[in-house]
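Annotated features, as they stand in Swiss-Prot:
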BINDING   Glu22, Leu23, Glu82, Asp286, Lys356, Arg363, Arg364  N(1)-(5-phospho-beta-D-ribosyl)glycinamide binding site
BINDING   Arg114, Lys155, Ser160, Ser161, Gly162, Lys163, Gly164, Gln165, Glu195, Gly196, Phe197, Val198, Glu203  ATP binding site
DOMAIN    119-308  domain 'ATP-grasp'
BINDING   Glu267, Glu279  Mg(2+) binding site
Amino acid sequence: MASIGTPLTPTATRILLLGSGELGREVALEAMRLGVEVVAVDRYPNAPAMQVAHRSHVVSMLDGAALRAIIEAEKPYCIVPEIEAIATGTLLELEQEGYRVVPTARAARLTMDREGIRRLAAEELGLPTSPYRFASTEEEYRAAIETVGLPCVVKPVMSSSGKGQSLVRTPADIDSAWAYAQTGGRAGAGRVIVEGFVDFDYEITLLTVRHAGGVTFCDPIGHLQKDGDYRESWQPQPMDAVALEKARAMADAVTGALGGWGIFGVELFVRGDEVWFSEVSPRPHDTGLVTLISQNMSEFALHVRAILGLPVPLLRQNGPAASCVILAEGDSEAPRFHGVDAALAEQDTALCLFGKPEVHGRRRMGVALALGDDIDAARAKARRAAGSVTVEL
């Protein structure tokens, strides 16, 4: 893109965000720094990205007709999905009609559930993955466990943030894992994936940027998961040189198959110099929030540059860095944060509070960010900062 218009005028360069959570908010802010007009869409009002966007719409993004009506009215330069739960059939139609979907409508479709992307990675591209089977009924599920063996991981094919996910260690866990998967998926009861457990040393997110100038890899991000959801991340994760080369080759293959420009969060398991593909998101990744402090350009800045066709120069690491999630649990429609002063008292710390308007159950409300002399020091500092913040519900 050689030129950018002025927001709220006939020359505006407009992007439309589908999903307006914390990741969408950061994308919106980076786009607005470049003078881009931002329209935010989500299923609930006052979502984080809506609080900073030029305009917003509240609609179920699984309602294809409603989604089409908004897109046809807004006529965006590009449509930027931030979540998986979207009427991807409608996106495919709109792309065929000339609308641009980031990175592509096919990528949005394949990654909206675990089956599409696993079949692409393992069966079409031949990438190493854990053994797996898909099941639609309880009978198929039990047969899948028999084939894959114990221990194994059971997940709804459509879910996020660990919802519906269980580790099945013994036969006593089989019934409860099926029941949880049937209630925890985005589409309610439905199909599951049964994955063999990989005995890995660590897992990483390899942020991969496909842009007009080629492909750029961020340094690998290590992360800690609890109940299937991200709790901490750090960068750079030390890696064997052979493993890093394999990881980059896998990331290049899967993102190349998905196509388009933008940032992709490629999740991989690593043991020694062995690497297994796990999942990919064709958008900024929650573990990549650490790049708000770790790099000269965050994953959000990189995403916006890539989708606008702007240059992505050499990335610079600011030093060992870490993030730690700030959680709240309970019910509230007006959360308040305490201890912000204490959290920011240490040198080289920062907070990113998401501005989520409600809490019902457990919800990620922000992250603490820190630089340190090494990864352990950065992680400890980020944990201290996060621990200083309490959320009043």
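Every residue, even glycine, has its Cβ placed from backbone N, Cα and C.
Secondary structure from DSSP puts Leu23 (N(1)-(5-phospho-beta-D-ribosyl)glycinamide binding site) in a helix. Phe197 (ATP binding site) falls within neither a helix nor a strand when secondary structure is assigned with DSSP, and so counts as coil. Taking a C-beta cut-off of under 8 Å and a sequence gap of six or more, Leu23 (N(1)-(5-phospho-beta-D-ribosyl)glycinamide binding site) has these contacts in its own chain: Glu82, Arg283, Pro284, His285, Asp286, Leu289, Phe300.
Ranking the binding-site residues Arg114, Ser160, Glu267, Glu279 by Cα distance from Glu22 (N(1)-(5-phospho-beta-D-ribosyl)glycinamide binding site) puts Ser160 first. For Arg364 (N(1)-(5-phospho-beta-D-ribosyl)glycinamide binding site), the nearest neighbour among the listed binding-site residues (Arg114, Ser160, Glu195, Glu203, Glu279), judged by C-alpha distance, is Ser160. The shortest Cα-Cα distance between Glu203 (ATP binding site) and any of the binding-site residues Glu267, Glu279, Lys356 is the one to Glu267. Rounded to the nearest whole angstrom, the C-alpha distance between Arg363 (N(1)-(5-phospho-beta-D-ribosyl)glycinamide binding site) and Ser160 (ATP binding site) is 13. Around Glu267 (Mg(2+) binding site), the same-chain residues at least 6 positions away in sequence with a Cβ under 8 Å from its Cβ are Glu203, Ile204, Thr205, Phe277, Ser278, Glu279, Val280, Ser281, His285. For the binding-site residues Glu82, Glu279, Asp286, the ranking by surrounding Cβ atoms (within 10 Å, all protein chains) places Glu82 first.
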